[in-house]
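Here is what TrEMBL says about this protein:
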DOMAIN    68-103  domain 'EF-hand'
DOMAIN    104-139  domain 'EF-hand'
DOMAIN    151-186  domain 'EF-hand'
DOMAIN    188-223  domain 'EF-hand'
DOMAIN    265-300  domain 'EF-hand'
SIGNAL    1-19  signal peptide
Amino acid sequence: MGCRQILLCLALYVVCTLSKPTEKKDRVHHDPQLSDKVHNDGESFDYDHDAFLGAEDAKTFDQLTPEESKERLGMIVDKIDEDKDGYVTEDELKAWIKKAQKMYIYDNVDRQWNDFDVNNDGSISWDEYRNVTYGTYLDDPDPEDGFNYKQMMTRDERRFKLADKDGNLIATKEEFTAFLHPEEYDYMKDIVVLETMEDIDKNGDGFIDLDEYIGDMYSHEGDPQEPEWVKSEREQFVEFRDKNRDGKMDKEETKDWILPSDYDHAEAEAKHLVYESDQDKDGKLTKEEVVNKYDLFVGSQATDFGEALVRHDEF
């Protein structure tokens, strides 16, 4: 994605957040499903394959023999065993599954990386990001499109500094991923809440009242009667969003709304895979135990594991 396309996306984002939308806007961030397949091990292990490798990599399994699958699965086990103690724990398996499910995010970062790493040093400084994204716009005090790019840049800088854990204003690939996709990182979730509140809180009192909540989703213009879903949202606000019944949502109430504590599918799948493969029932897996159940993890289909391993190594 080129820098002009990125600016267009930012501009569209501002339009969506600063103008009154006519259709319902969903600001809630849910963890994606591990697979769109039915989880029924009695019929197939397709769900488990998607969960373990990510749906895109799992799609390429079609030609490997069982022997090749076992060999390459063993390579993956070495990657999952982060502390190199010879065992795969539920936590390690859970972390691997979560990473596999985020490959679409990492692919998005890869597509943008070279646009911003101007000096090709393997990192992106705030100056690089600012100059590429805003350089040609900040010199124009009265842009034709009317957007306040300085305000957008200030907001980006605040998020960039939070993503930059060591505070050197230089982002590694992982930090840049947190900058672009803050909802995916626990330490960035407060900024997601803050930015959401800034978008919706029109009177600037630091809270979201009922009118602001509805106004973010729906405009009465040209529509004399509210749709049923708007009435339902009003009830949701009163009954569930505004937990302390003071007529507005504070930071914690907003966080509960947009970042709900969903059922942890990755944790459940990790427990399932360990339970099905743990032959000696010690609560952890050896490489031999995983490979013995290779059909549960990867089947005897083909994939380019080399690409999958390289992509996992990058993060």
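Each residue, glycine too, has its Cβ placed from N, Cα and C.
Predicted automatically and left uncurated, TrEMBL annotations should be read as such.
Remember, predicted model here, so these are calculated numbers, not experimental data.
The largest share of C-beta pairs under 8 angstroms with the domain 'EF-hand' (265-300) comes from 68-103, of the ranges 68-103, 151-186, 188-223.
Here the domain 'EF-hand' (188-223) returns a mean pLDDT of 92 for the predicted model.
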